[in-house]
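Enquirer: Structure below; questions to follow.
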Amino acid sequence: MIPHKAPFRLLPLALALLAPGSVWAEHAPPVVLTPIAQTTAPQGGAVPRDAQRQLDKVEKDLKADQARKAALDAKNDALERELADLRAKSVAVAEDQRRQDDALRAVEQSLAGLAANEQEQVARIDADRAALADLLGALQRLSRLPPEAMVARPEAPGEMVKSALLLREAIPQLKKRADALAVQLRDLAALRQKLADKRAQALAAKKDLEKREGELRDLVSRREALSQANDAELQDVAGHMAVLTAQAGDLRDLVEKLEAERKAAAERARQAEAQKRQLAEEARQKKAQERLAAMGRTPKDVPGGMALGGMTLPVAGPVAQRYGEQDAVGTTSRGVRISARAGSPVVAPYEGSVVFAGPFKGYGLILIVEHPNGYHSLIAGLGRIDTRVGQRVLTGEPMGAMASDGTPTLYFELRRGGQPINPLRGFAGTEGKGQG
């Protein structure tokens, strides 16, 4: 994973990255093909007996290496299947995390509204209590006056009696109102406690999901390490086989035979590998669809997804800036900005291959995913990247996460043939600029 937090401005960046001669195209390592060393034939005569014995030994060692290579290939296939299953599980966990984020956001908004209502009710109760206290004080003062003092007061006795009666009639009404407000306040407190309990449950569920996501990420990392070790061992076997072939040196017939067999085997392996990759891709797609169907979901059911044309937004949250809108400096946006919760998972908007992952020229961490039919997604503003260049990703598969603090914003730009299109219309959008 690549931790990083940095501000970003990507309005001119996407075109430079997605156009021909882009940064990854210019810096991609060249592919070097090493030719097989040619050997020369012995001068004259038949192959000596010791050379024949050497040939027999080389062929025996080659068969042993071929058997070893077949076992390593089988092990590699098993690791790839396990990796595909773990990545599919990580997609489901990321979906659950997005749903928990939406639930937390709703509970927190309800709590804020209740707090304001509670303050208003408390203010009303306090006002009624003050009025009631004034009335009770007046009655107490009247009750302490002896009859002689009441006669000596400047007010008429009838007026004083009338005032006392009015005060006594007002007290029950004020008490009734204060009791009603107190009941409302208790109800509000109960509802607030209920929402607080829901929030605590949602936070606990989210924490458990984050733990599961971390465990899955660790499993994927370990399986990838095993796969890389297996690949290294395969390379060692291939190198040993090359040494054995070189030892045949001057035996032209052996070299020609092995070369012919090598070419035929390489072609068969290439065709078999191409067919295997095609079948594996079809099986992976079918398994992903079956998993979604088993959960009773389609791509547009992904929480917070706005899945249009089979794609989903890379992070859950409200859209803060839409495609085609102008920002604070008057520049027209070529993508959308999404306000996300801190630490929210960032997923692949559609299946494809990661062609760029990491920081870019002071713009922070960015991801570029190449999709079928000439589409590219540019995602920026991540706090962490959990994928690598060349990785195949499924729709909704986690690729990283937002920053773990503050109020992070994710920038998402979608292009076809190098031209920006509206991401909220998905891959069904038309080409060119100016979409709303």
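For all residues, glycine too, the Cβ spot is worked out from N, Cα and C.
Pulled from TrEMBL, these are the listed features:
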type	residues	note
COILED	55-96	coiled coil
DOMAIN	333-423	domain 'M23ase beta-sheet core'
REGION	266-287	region 'Disordered'
SIGNAL	1-25	signal peptide
Enquirer: Which sequence positions outside the region 'Disordered' (266-287), separated from its termini by at least 6 residues, show Cβ-Cβ distances below 8 Å to it?
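Expert: Same-chain residues near the region 'Disordered' (266-287) but 6 or more away: 80, 84, 88, 351, 394.
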Enquirer: Quick one: DSSP breakdown of the region 'Disordered' (266-287) into helix, strand and coil?
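Expert: For that range the per-state counts are 22 helix, 0 strand, 0 coil.
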Enquirer: With DSSP, how much of the domain 'M23ase beta-sheet core' (333-423) is helix, how much strand and how much coil, in residues?
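Expert: Helix, strand and coil residues of the domain 'M23ase beta-sheet core' (333-423) number 4 helix, 48 strand, 39 coil.
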Enquirer: For the coiled coil (55-96), would you mind checking the mean pLDDT of the predicted model?
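Expert: That region's mean pLDDT is 90.
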